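A.B. asks: I'd like to ask some things about the structure below.
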């Protein structure tokens, strides 16, 4: 206090001239309990010492006014502060409801006080429920708020309250660099944040050299020596009252066993505090020769007690904050202070569920001396805070502003946005065609574009980008909001990275291709990529026969043969993303060559390319065309000609299709015996031609327990496009994929 009375008058004059007026800042300091007063008192002394700048009003509420907690308002009077208002706001009770009612009672009483005081700014400390009532009242009554110790992290409901007060406060005084960074991350204006240190450190760092033995003897007895006693301070954890009371019981048992003189302070006024006091009395702590149980110790004396203790134990923030200034060993119990920055003097026993753990911690810590820590302050917090208060311009708009980080492609919530159809951009990259479509959440294809798939990587990627950009532009005209891009492609795909790992000869120059990055960069949208067979299965799961089915398999029959396996409602990719390469199940050891490099694969028998190959052989031998068929000279022989010939009675064509159907059926039997699905869905242009053959092979070759499986033809017109869309839409609806 003397320091502030002797501040340079010249400096004060300069600040007044800078402000351009003689208006004194009317500051209301509201204190709720003994702990917050220890932080607020140094600031109050500083304000009081500069009457030419400030008018101070003190409001006292909360546990200060309760006899069970020592009527601590008296220490405020002893410090020669005039208490403007006393508010009885604590509703007595032993559960969470009493805390809520106390907040409500404070909210009822505070408006009248604030109307009378009309402060320019209110100083609120910390994270107690009383402080939340103060901040709420001041904010709603358009009073500026300065919050002390915001941005810190701990392990209880106090965290939520502290951060709630931060959002209500206009100015912030924090104690550590980490707390400052947390406030900035919470979108608070950096210009309104002061990294000052903890105000209590201004007193702590000059306190240790004072006479202390008389204080120790007064509270602990004449025969007690320095470093040979313990200070215990433990509070209930309101989010887990039952466990915190049990932990307190174990702590007392450990202290009794440890057999050292111990000063036990009563807990805060919180849900569960009465039960903790009952535990103390049940164990006879108040009458035990080794214990002194007290409701309150004045802060000046408490400083001396912890500074010269052999150890402090409990879960009070004082243990992890202030005590570090003296290097006194601390045992922090439970999770109440989880996340706090601590010095090396603190030993954490977070899972304090046995007496032995706590006793072992006491044996490790008691009597040690650690280096002093200045994490929370350097002793100069109050001058910084006073300077900060003087810099506040009351002419600035009262409404606080938040400094949100920039958000890419932010879309405002106007009526047009709300009425837009949420949609996906779907890309199907097949062996023949490249298709892009706008697909709605309901699976409706709003717009579709088709081009031949280029033969080279560069041309293919350029065409994909061109078609996607055109489709995205068109989406605006058809009132669709594109949520992302889903790509269905042939080959083996790493869906986590959006990379095509390897492809068969169906798609040339299509290995180790990163599709996600260039498309996402061009469109500024998230991009998902997967194999075409997997996409067909996803389409069935979202829009087709697989909807609601736990285990099913999809086989897609087109230029190649692909598939997807859904097990317990989720798609199986496998350890190297090679699961469900169903087209490459080998059904004959000496069968025709496959494009994958093997022989006898299903794809070598039943794919569109395989049928086209057989059709060409028949055509070259003049055995394809029958009565009713004709081909133009320049017309390319295709699988369609083989199917047409079989329908018109060409026995050679019929035999080829029968062999293809049998190969596909044998592959399905292998699948049934491996993953045992309840449903098999045949998809693609050849599905209708194969379904009966597959059922016959199952009936003839499969084990009896799987013969009852349902085999159906997909009713989806574009399963690959719909599957690509579902990659995006499943994410949008928060389905795990």
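Indices start at 1 and increase along the chain as displayed.
From the backbone N, Cα and C atoms, a Cβ is placed for every residue, glycine too.
Since this is a predicted model, take the numbers as computed values, not measurements.
Feature table excerpt (TrEMBL):
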| type | residues | note |
| --- | --- | --- |
| ACT_SITE | 532 | active site |
| BINDING | 492, 504, 532, 581, 584, 603 | N-acyl-D-mannosamine binding site |
| BINDING | 584, 594, 596, 601 | Zn(2+) binding site |
| DOMAIN | 53-390 | domain 'UDP-N-acetylglucosamine 2-epimerase' |
A.B. asks: Taking the binding-site residues one at a time (596, 601), which has its Cβ surrounded by the most other Cβ atoms within 10 Å?
C.D. replies: 601
A.B. asks: Under 8 Å Cβ-Cβ from residue 603 (N-acyl-D-mannosamine binding site), six or more apart in the same chain: what's there?
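C.D. replies: Listed in sequence order, they are 560, 561, 583, 584, 594, 595, 596, 609, 610.
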A.B. asks: Can you give me the same-chain residues 6 or more apart in sequence from residue 532 (active site) with a CB-CB distance under 8 Å?
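C.D. replies: Result: 428, 429, 430, 488, 489, 490, 556, 562, 720, 723.
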A.B. asks: Same chain only, sequence gap of 6 or more: which residues have a CB within under 8 Å of the CB of residue 492 (N-acyl-D-mannosamine binding site)?
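C.D. replies: Counting only residues 6 or more apart in sequence, the Cβ neighbours of residue 492 (N-acyl-D-mannosamine binding site) under 8 Å are 500, 501, 502, 503, 531, 577, 578, 581.
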A.B. asks: Where does the mean pLDDT land for the domain 'UDP-N-acetylglucosamine 2-epimerase' (53-390)?
C.D. replies: 91
